[in-house]
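One structure is given below, encoded as structure tokens.
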Amino acid sequence: MHKAPISTLILDSLFSNMMLAEMMNDDQLELLKHQQTGIQPVVPEGCNLYWSSLNVTGPETKPTNFVDRFRNNMPKRRVKEILHNVSGMAESGKLLAILGSSGAGKTTLMNVLTSRNLTNLDVQGSILIDGRRANKWKIREMSAFVQQHDMFVGTMTAREHLQFMARLRMGDQYYSDHERQLRVEQVLTQMGLKKCADTVIGIPNQLKGLSCGEKKRLSFASEILTCPKILFCDEPTSGLDAFMAGHVVQALRSLADNGMTVIITIHQPSSHVYSLFNNVCLMACGRVIYLGPGDQAVPLFEKCGYPCPAYYNPADHLIRTLAVIDSDRATSMKTISKIRQGFLSTDLGQSVLAIGNANKLRAASFVTGSDTSEKTKTFFNQDYNASFWTQFLALFWRSWLTVIRDPNLLSVRLLQILITAFITGIVFFQTPVTPATIISINGIMFNHIRNMNFMLQFPNVPVITAELPIVLRENANGVYRTSAYFLAKNIAELPQYIILPILYNTIVYWMSGLYPNFWNYCFASLVTILITNVAISISYAVATIFANTDVAMTILPIFVVPIMAFGGFFITFDAIPSYFKWLSSLSYFKYGYEALAINEWDSIKVIPECFNSSMTAFALDSCPKNGHQVLESIDFSASHKIFDISILFGMFIGIRIIAYVALLIRSYNNT
């Protein structure tokens, strides 16, 4: 990456038409001031992108249920052809639109060109940039991809999001903080986001924020910060009205006119939007039916016997003509074949074929010294614009903002902890140490573990699964390392998982009348912190392994409830059947409960009422005289205090490592 003056990154014309349409806001005045400076838009020259003989196959059906995935006698799934011998090109300084009906293959073609979402697909063929074969790392280095669905961390403002992206995508090696900040402000102005720059992006049904149109513009702003040579857009007008859609495509056309290579897929463009395309690629049944200037497609269809009716949207006519009707599939296939043959018989069609064949030969014979390094680049050694430390700091900042701003992450949890702690403290208020209250005191300690587990563990799962798609997308875009994200998020969230357990323990410990010693209180706080963090580690692991909120929330209690049952409160260790004792060894409830019980009962040397002369001989024999006898009655040993703490700490670290490995595997599969 070579440093260029920040002025060369200015795209003054981008979204200027959109701004002029918003006459009632102050952003137009900012844009006019910006234009009056006389700075001309300078965009890095784009690339000529070629794809040759692309063939893509994939499974026709997925396993119908969980059992079918593991049945030995499951019939082999049939394979279907998704793309067949697809060749084409996207020229520098041109806007290419890929059109077709549902199932035509346009989304698959976009995925192949961007090297994304290709799991379970067999892809054959080659992609070249300016005549040189390009792997997925080269494509991602030179391009940006605006995906159909906007994904953001909703607790950040528009400006903060762009500052975050600029810090990671522009890097700290080539640009100073001042240059990055200047670029962010320029893009905010160009995108018409000045008036909402300090508005939070928003979380659906939780936190009100930007509108759909503003989020779409923010998506564009995120991707063009570094002015990529190639811009891919998947359904850029999705969710926008016709007026705004026209201005979005006009903005893309402006980018192309200034030298960028722009490729989009689009669904049912209006006639105005269609007129903005330099070239169109019409697809049907996984084949390219036409590739060339948009204004030459309608005459070709007319020549083949399918004229466009008067006053009819040409894009609708082209797509409807190439649509496959299941009730009359033979006629549809005949129409598609006739138009394709008509296109191939033209000079334009022959030139497309010739370019495809030439690039196929070039790709087959392409060997250079520089290509060797590209072939060895993998997910684990790819290059990033920002250093690990810069990535960590930026991700920590974003995660911290999420913690303090998300209503479900702090305020609700704090209120929940306070209410539960005070209710527990009132129920067990100043419980005395007597033979009759031994079970109550043990219940206080087990409640410590159970309450902190269920109050924080289960609500944390949907928070992680909601953020996971954002992380996977940003990671696939090469914005940051998986390790930097995981470390930053864990450290940013750790303070609340220290403060909340201490707060709960402080209220319950002193209100319920547990052993009144400061060091015993500190040890109980330590155990509560460890139990909480083991529980959170499990939520991390389950969420990253299963990724789906419903599945994760179903699996979690299946694991946690049996572990809790063998925690030592409901059944003693000696009473557990031998074939279930291993569950007790895995129970973090058991280690936490034992540590708290030792902390309480080991300090109690005498239980006075057990020396009452009025008690019967049988009652005296069964009455524990001190805390050690209480521990023996529940199969706990006072010598296990440090051992229990060590096991809990080991579980905390070990399960976090499992969660990280699961996230790493998921990130790898998503690249």
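Just so it is clear, glycine is given a Cβ too, placed from its N, Cα and C backbone atoms.
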(request) With reference to Swiss-Prot, specify whether TRP137 and ILE604 are located on the same side of the membrane. (result) no
(message) Suppose we draw a 10 Å sphere around the Cβ of GLY105 (ATP binding site). How many other Cβ atoms does it contain, all chains included?
(response) 23
(message) Name them in sequence order: residues not among GLY100, SER101, SER102, GLY103, ALA104, GLY105, LYS106, THR107 whose Cβ is within 8 Å of the mean position of the Cβ atoms defining the ATP site.
(response) MET283, ALA284
(message) Just to confirm: which same-chain residues, 6+ apart in sequence, have a Cβ under 8 Å from the Cβ of GLY103 (ATP binding site)?
(response) CYS285, VAL324
(request) Might you list, by sequence position, any residue in that chain lying six or more from GLY100 (ATP binding site) with a Cβ less than 8 Å away from its Cβ? (result) LYS106, LEU282, MET283, ALA284, ILE319, LEU322
(request) Please work out which recorded stretch in 409-429, 551-571, 645-665 has the most C-beta pairs separated by under 8 angstroms from the transmembrane segment (452-472)? (result) 551-571
(message) Among all protein chains shown, how many Cβ atoms are found within 10 Å of the Cβ of ALA104 (ATP binding site), not counting that one?
(response) 25
